[in-house]
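Pulled from TrEMBL:
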- 144-260: domain 'Acyl-CoA oxidase/dehydrogenase middle' (DOMAIN)
- THR147, GLY186: FAD binding site (BINDING)
- GLU438: active site, proton acceptor (ACT_SITE)
- 506-690: domain 'Acyl-CoA oxidase C-terminal' (DOMAIN)
Amino acid sequence: MYCPKTYENEKKNEDLEFERSQSTFSISELNLILNKNDKNIMNIKNEIKKMIENDEIISKPQEIHLLSREEQYKRALYVSSKIVDIKKRFGEIGGDLYYQTLFEEIPFVINDIVFACAFKSLASEEQMNKLYPKFQNYQYLGSYAQTEIGHGSNVQGIETTCTYIKETGEFELNSPTLTSTKYWIGGLGKLATHTIVFAQLLIASSSNNGNLKNYGPHPFLLQVRGLDDHLPLKGITVGDIGPKLGFNSLDNGYLRLDHVRIPRENMLSRFFRVNENGEYEKPKHPKLIYAGMVGVRSNMIENSFVCLSRAVTIAIRYSTIRKQFKANQSDKQEKKIIEYSNQMNRILPYLAQTFAFFFAGKRFSVEFDQMMIAVKKDQDTTLLSELHANSSGLKSLMTQSTSDGIESCRLSCGGHGYSQFSGIPYLWANYVHMSSAEGESNLLPQQTTKYLLSILRKVTTDLSSSSDDKLVIGQSVQYIKDEFESSFENINQFIKEKSLNSILHPDSLLQLFKHRSFVLIKSIGSSIQEQMSNGNKDIPQIWSDLNVEINHCSKAHCQLYVVQSFYDQILLLSSNDTSNSTIIVLIQLLQTYCVWIINTNFVDFLQDQYVELAQIDFLKNSLINFYKLLRPNLVPLVDSFDLCNATLGSALGSYNGDVYSTLYKWSSTQPFNKNSIPLGFNENIKPLINSKL
């Protein structure tokens, strides 16, 4: 691990050192698990941390808060340039780990992650071989232009057009309206040389007197700026959209196109294409057009762990050092604020969620890779619908829950949490946009629930069918079939049948989440059926009226996905010689996460009497007991993330806990304190003081 060795000669906070001495498990073993049991990844991470902390600029993340927008962007370009050497030494994995280790967001992340995910998913092998190396080596810089100023989540409604010109074998891109302006495009405002433009594909129809036929949104690669002078090309208007809540070291841009011609070969054509005769060759599955978007979501799902781990690290270390009030007059010291149950309740559920999200992100990433291999090999789309549905719901759940967690950690740091020097406001402001990016979190869950209802229909139809063919459904929705066929009327029958010792056993908790999700899916299906039986045939309106329940249903399914992922990994680790002490603390984290979710959604679990009210009360009272069980391991658990000080950028959360002197040093040495008399004082305030009003 990096931190214990690097900071061993620094002055240590006694409270933090005491907490570390109380650990009941091996911190290094858990750290290895969090690095996918890959020591090579750990070694690369450590080299990157060393490089960052030895860099005169990158090692001082607190200075970002003192810079203007242009200065922040200049700094971000400097930080971006360092990735070239990292990739030369460590390959693509080095670049990914560099982004995960940096305190700040940098423009190259758009080229390397957002653009790369889309391009690798949508470009043909010929396009990949010809063009992608130029983006990898930063000869070209890519971005992803889908969102418009007038359309975001409704991708089908985008207005940018791309008309095929058969006579020249070209496409013509155009922004026909103000609302068709591409907007919020990361990396496009100042930096990108190229972008993937999503536009309505229009082709003259030979069967309809040559009138244009719309084939819907498709991706096209467009060069935006000259490679020699970096100026916008003819017909292209491009710029930065202006200051934002956060993410200001990135240049989100706007783009307008005035009948810009591109070669036919610039249509990204892994799954579809327009041939030389102007004929459209459609994909095997319509959602293949959005494969790149699912790839970006996969990265966002994994990234939730990266950001939340930083917030809980700062909150737990600070809460261990910060002391307020004596429990008794005879006490020599005030009480650590982490000892108060309301403080634990602010932080510990999100600590548990951090680990849960790690394992869920790991699972989804594997499933996405498996799907893309199958699709690229022979356009096998068997896994696509399930993966697309889960990506929609998980992206919504995990980004919003991570934003909530970061804010809860900020609040747990009291007044100091409001300071940028705590590291948390900057983290939150840079992360919170994730709830809206690549699909708004109020709309995406509807896609998940639609898919769940389709599985319920298949299960219902299959069980009433006399066919011998066995219904095959995805792993993440197998519980729908299992619950439909189950004879258990309540959780007690399940516990008895499985010979479990308590409702708190992970198997019992998992079963509660399965049954809850099934009941919610079935309830929505029944509501729709009831409305139709009563003569209401307006399906869109019925769906709109049920939006709140529909989103909640998706959330329940995705929380089950997270719980299942966490528990599956614990079982796998148990069979792979992981020490019992580490397994015990992981189970405690899983139980904490489950009981917390149940306590905040207890009506769901009670609605069909599957669980008794007394059992819900028992689970509610159990939460504080899990906090107490985890209490000795709180600092060791966040130490297992092995986050260096330059990554956290926090006076409150450094490894050795030098909170107050660091906070005072950063405050007192800021440029604003250079002069005792502020600008404007003599002109505006001094006359008032000297006046005789």
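Placed from the backbone N, Cα and C atoms, the Cβ positions cover glycine too.
Neighbour count (other Cβ atoms within 10 Å of the Cβ, all protein chains): 22 for THR147 (FAD binding site).
Each residue in the domain 'Acyl-CoA oxidase C-terminal' (506-690) has a pLDDT score, and their mean in this model is 95.
Cβ contacts within 10 Å of GLU438 (active site, proton acceptor), excluding its own Cβ and spanning all protein chains shown: 25. Take the CB of GLY186 (FAD binding site) and look out to 10 A: across all protein chains shown you find 27 other CB atoms.
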